[in-house]
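Step one of this worksheet: look at the structure below.
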Amino acid sequence: MFMYPIFITDDPDASVEIGSLPGQRRWGINKLEGFIGPLVSKGLESVILFGVPLSCPKDARGTLADDQNGPVILAIKKLRSLFPSLYIACDVCLCEYTDHGHCGVLHEDGTINTPPSVERIAEVAVSYAKAGAHCVAPSDMMDGRIKSIKRGLMDAGMGNKCLLMSYSAKFSSSLYGPFRDAAGSAPSFGDRKCYQLPPAARGLARRAIQRDAGEGADIIMVKPAMPYLDIISDAAELTPDHPIACYQVSGEFAMIHAGARAGVYDLKAMAFESTEGLVRAGATLILTYFTPDFLDWLS
Ligand SMILES: [Zn+2]
């Protein structure tokens, strides 16, 4: 049930600690074998890749998101060849590759221009699928992108080869800070509140879940996880025939570590309790930075 989020950067020899995410690093593709190999031996079954371009030129439409020599596509190919049994999902977004740091293409006034954003996001998703990703996971939350990606996958002959996991109910949360450190993806102006959900918006979340299921999502995801257990439960009720994923995000992971360091609880006990709560709420797939720890704890 665990999928491990990993950060792939464009320095091929990178192994750089991420200060705010205990034990997590940004990896270059030359280091992937040494990093992932031991985890696969311990039973790691799936990863989700996040591209972290630090030196590539950025532009208004995120041109290099699907660069054939970019970190994500190189990592997909490398992991597929090194570890044939490993399931490889890829986060799909433009914000790491746009010069303004937003998740799509903008109007002149700085607001999101949805049609070209959706078209570009679908192009990137299809490129990842063609490179060998088993699953693409758009994290932008824009209307219409699931349908557009599904159509793109089908037109490319990948409709039955690549799964579409939707960040359906993604809340505008205070818990993304360490991830933004890791991915260097804080927007250069404004925030993402017009396309992410306000924390209290249960109705909008339910509508977004139904929208994405209707557009062709294969997995419905809720993000963050722990403060949104009711939404996970709603997703399980609204789409009972879909796997329900949730992302125990960077801030949750950092918070659990910080509490343990402060003597509030035992780290392992809290890691178990937090994920058991997610399963109880209805999650069947958990994206978590605790994955390597669970491989040890559960062995
Ligand atoms: Zn984004």
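Even glycines carry a Cβ here, placed using N, Cα and C.
Those TrEMBL annotations? Automatic predictions, nothing curated.
Taken from TrEMBL, the feature Zn(2+) binding site applies to CYS93, CYS95, CYS103. For CYS103 (Zn(2+) binding site), the number of other Cβ atoms no farther than 10 Å from its own Cβ, over all displayed protein chains, is 27. CYS103 (Zn(2+) binding site) carries neither a helix nor a strand DSSP state and counts as coil.
Counting Cβ atoms from all protein chains shown, LYS170 (active site, schiff-base intermediate with substrate) has 24 others lying within 10 Å of its own Cβ. Secondary structure from DSSP puts LYS170 (active site, schiff-base intermediate with substrate) in a beta strand. Per TrEMBL, active site, schiff-base intermediate with substrate is recorded for LYS170 (among others).
Just so you know, the Cβ of ARG192 (5-aminolevulinate 1 binding site) picks up 19 other Cβ atoms within 10 Å once every protein chain is counted. ARG192 (5-aminolevulinate 1 binding site) falls within neither a helix nor a strand when secondary structure is assigned with DSSP, and so counts as coil. Annotation source TrEMBL lists 5-aminolevulinate 1 binding site at ARG180, ARG192.
A strand conformation is recorded for LYS223 (active site, schiff-base intermediate with substrate) in the three-state DSSP classification. Close to LYS223 (active site, schiff-base intermediate with substrate) in the fold, though at least 6 residues off in sequence, lie SER139, TYR167, ALA169, LYS170, PHE171, SER173, CYS246, TYR247, VAL249, each with a CB less than 8 Å from its CB. The active site, schiff-base intermediate with substrate annotation in TrEMBL covers LYS223 (among others).
As annotated by TrEMBL, 5-aminolevulinate 2 binding site applies to SER250, TYR289. Around the Cβ of SER250 (5-aminolevulinate 2 binding site), the same chain contributes SER20, LEU21, LEU175, TYR176, GLY177, PRO178, PHE179, ALA182, TYR289, each under 8 angstroms and 6 or more positions distant in sequence. In the three-state DSSP scheme, SER250 (5-aminolevulinate 2 binding site) is classed as helix.
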Open item on the list: I'm trying to understand the geometry here, so how far is the Cα atom of CYS103 (Zn(2+) binding site) from the Cα atom of ARG192 (5-aminolevulinate 1 binding site), in Å to the nearest whole number?
Closed with: 8
Open item on the list: As a test of the contact definition, list every same-chain residue at least 6 positions from CYS93 (Zn(2+) binding site) whose Cβ is closer than 8 Å to its Cβ.
Closed with: ALA65, CYS103, ILE121, PRO138, SER139, ASP140
- [ ] Do me a favour and check the Cα-Cα span between ARG192 (5-aminolevulinate 1 binding site) and CYS95 (Zn(2+) binding site); whole Å is fine.
- [x] 10
- [ ] Give the distance between the Cα atoms of ARG180 (5-aminolevulinate 1 binding site) and CYS95 (Zn(2+) binding site), rounded to the nearest whole Å.
- [x] 11
